[in-house]
Amino acid sequence: LSLPLSLSLSLSLSLVAPAGGAPGGALSFLALGDWGGLPEPPFVTPRQVATAAAMGRAAAELGGDFVLALGDNFYYEGVKDEWDPRFQDTFERVFVSPGLRGVPWFVMAGNHDHAGNVTAQLRYSRHSPRWRFPHPYYSLRLHLPGSNVSARLLVLDSVLLCGHSDDFGSGPGSGPGPAGPRDAAAAAAHLGWLRAQLEAAAGDAFVLVAGHYPVWSVAKHGPTACLVRLLRPLLRRHRVSAYLCGHDHNLQYLEEGGVSYVLSGAGNFMEESRPHERSVPPGALRFFFGSPESPGGFAHVRLEPHGATVTFLESTGRVLHRVTLPPRRL
């Protein structure tokens with residue numbers, strides 16, 4: 001991708017549902033976080049391999065116009081440069097199902113990616129036709145085929161906004177939250193960009209915001225205080241349809257203040273502890289799945305003029321939870 005790396009980067013993405021995929025008038029994508037294999041041979045986990053196969057089946061059966069990669073793309077310390085063999089070993093050779101052939105991946109960086117070279121992940125967009133990572137944060141306009149309905153997907157860099165956090169550093173139920181941005185000016189610019197994008201999305205039927213860190217989570221890392229402070233008021237004020245994230249290694253669905261929270265972090269590891277159950281607003285948690293025996297899972301999102309359907313799928317193909325969100329009142 002030879003795109004300008006400006007702070008106001010906005011991509012326009014017009015997708016037509018593929019034959020055999022989502023029927024006309026619908027646009028679908030798969031949301032997968034924390035999928036990044038391992039740094040030693042075979043560079044994958046069995047859960048990642050099972051999830052990759054299940055994503056291919058889901059894309060073929062339910063529709064899959066793109067994949068939204070929710071960060072922690074390469075455990076444990078990202079990649080070294082744009083030629084790092086991990087791109088092949090943990091991405092290109094794993095997500096090979098026919099249903100994923102030619103499907104673009106829109107990528108963000110997680111905390112483990114920031115432990116390595118994020119610029120190399122941006123530059124890898126030049127090497128792979130399906131790896132789309134044009135800027136640390138960016139906006140996608142989504143046009144629902146066969147209709148005049150549009151949606152907007154805002155992809156954030158929550159590490160740039162809030163600072164670094166270690167997934168595996170502390171004991172169970174802990175994990176200190178991010179300690180604040182490394183570059184306060186860059187974080188402020190990112191937040192200003194987000195405010196402008198949300199204003200510009202006033203006419204979109206669906207507005208989706210995605211970042212690696214959760215706003216709300218009942219699992220190991222719990223809510224991200226920085227995002228509760230900075231992001232939650234914006235999501236509520238602009239009537240955002242949903243916030244999608246990873247970071248905690250399970251599947252969760254929460255609703256609070258009119259906003260849906262979709263956590264999909266079960267692409268590589270699975271954790272069932274819920275130490276932060278009382279750290280989220282009462283009644284917010286509607287669904288949780290983190291069985292350590294499970295082969296993983298992900299979320300499927302289908303946008304249609306009359307609603308956005310979020311389906312949590314286990315990598316067995318089993319539907320775990322499904323909810324339909326109404327379009328925003330314009």
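Every residue gets a Cβ built from N, Cα and C, even glycine.
As recorded in TrEMBL:
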type     : residues                      : note
SIGNAL   : 1-21                          : signal peptide
DOMAIN   : 28-250                        : domain 'Calcineurin-like phosphoesterase'
BINDING  : Asp34, Asp72, Tyr75, His249   : Fe cation 1 binding site
BINDING  : Asp72, Asn111, His212, His247 : Fe cation 2 binding site
CARBOHYD : Asn117                        : N-linked glycosylation site
DISULFID : Cys162-Cys226                 : disulfide bond
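The two recorded residues Cys162 (disulfide bond) and Asn111 (Fe cation 2 binding site) have their Cα atoms spaced 10 Å from each other.
The Cβ of His212 (Fe cation 2 binding site) has Gly33, Leu70, Gly71, Asp72, Met108, Ala109, Gly110, Asn111, Asp157, Ser158, Val159, Cys245, Gly246, His247 as same-chain neighbours under 8 Å, each 6 or more residues away in sequence.
Between the CA atoms of His249 (Fe cation 1 binding site) and Cys226 (disulfide bond) there is a gap of 20 Å, rounded to the nearest whole number. When the disulfide-bonded residues Cys162, Cys226 are compared by the number of other C-beta atoms lying within 10 angstroms of their own C-beta, Cys226 comes out lowest. Comparing the Cα of Cys226 (disulfide bond) with the Cα of every entry in Asp34, Tyr75, Asn117, these being the recorded positions, the smallest distance points to Asp34. When averaged over the domain 'Calcineurin-like phosphoesterase' (28-250), pLDDT in the model lands at 94. A separation of roughly 17 Å, to the nearest angstrom, links the Cα atoms of Asp34 (Fe cation 1 binding site) and Asn117 (N-linked glycosylation site). Sequence-distant contacts of the residue listed as 'N-linked glycosylation site', defined by Cβ-Cβ distance under 8 angstroms and a gap of at least six in the same chain, are Gly78, Val79, Lys80, Asp81. In sequence order, Gly36, Gly37, Leu38, Pro39, His112, Asn268 are the residues of the chain that are 6 or more apart from Tyr75 (Fe cation 1 binding site) and have a CB within less than 8 Å of its CB.
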